[in-house]
Amino acid sequence: MKILLNGSKGRMGQAVAAAAADMQATISAAIDAGDDAATHLGACDVIIDFSSHHATGKLLELAVTRRKPIVIGTTGHAADEKARLLALAAQVPCVWAGNFSVGVNLLFALTRRATAVLGADYDTEVIEMHHRFKKDAPSGTAARLLEIILEERKLTANALKHGRSGITGERQPSEVGVHALRGGDVVGDHTVLFAALGERLELTHKASDRGIFARGAVRAAKWVVSQKPGVYDMQDVLGLK
Ligand code: NAD
């Protein structure tokens, strides 16, 4: 499998190049800011993007025009920008994941389950910490954790509304706090904290090597080349759905 790697000079770009070498994949073009992706597209089977959110739109347009599968790991897109890009991405096979690690994808599933059980009675906070160079805050992973909590609470709220839970009356989910810490060389820590009067549950994932994201992205690239057009996430790649 031949990969066009965008953002190749960055921390993740270098980690993806190393992972590809270990996973029988070839980097057919390693490009970065200022390079023209269009001239390298013909030689690749799939694109992997770990650059800047400014770059995603143009790269996706090229992927759609040239019908190339794409794996997007870049984070930091504004909500309206992301909605527009997702519509574009659906025209080709695309894996879009704010986090490619297996452990974090399990954290997503555990957070969904804990939220379903504990509901809005437990104060819920998302806390993340990353290295001092990370440009976006909160992280894409923290944003996804928040989405999952709110999705699950909406389900709970709907269930309450229709009386399926056996509890009468409507309750509004309380606010969920998201806290982004920056410092040192932290690769990526995420905690979801559920606190009530008398007990506290914390679900924590700590990444210590960005190779986990890189290997996940290469695994996603190998998977996506044989998929139909559409936007997939890492849960699809790992068969967790
Ligand atoms: P980095 O700053 O080390 O590297 C980014 C690279 O992209 C740089 O070499 C930069 O020159 C290049 N770049 C900037 N604009 C570009 C453009 N327009 N076209 C092509 N290249 C461009 O950052 P990083 O730590 O490697 O992270 C890159 C992205 O990946 C960030 O958005 C980060 O949040 C995200 N990330 C995602 C995951 C995941 O699992 N999805 C994991 C880690 C990081």
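Keep in mind that glycine also has a Cβ here, set from the backbone N, Cα and C atoms.
The candidate list Asp32, Asp121 contains one residue that TrEMBL assigns to the NAD(+) site with Gly7, Ser8, Lys9, Gly10, Arg11, Met12, Gly73, Thr74, Thr75, Ala97, Gly98, Asn99, Phe100, namely Asp32.
Reported as a whole number, the C-alpha separation between His131 ((S)-2,3,4,5-tetrahydrodipicolinate binding site) and Ala97 (NAD(+) binding site) equals 20 Å. Taking Cα separation as the measure, Lys134 (active site, proton donor) is nearest to Arg11 of the binding-site residues Gly7, Arg11, Ala97.
Burial estimate for the recorded positions (Arg11, His131, Lys134): highest at Lys134, by number of other CB atoms within 10 Å.
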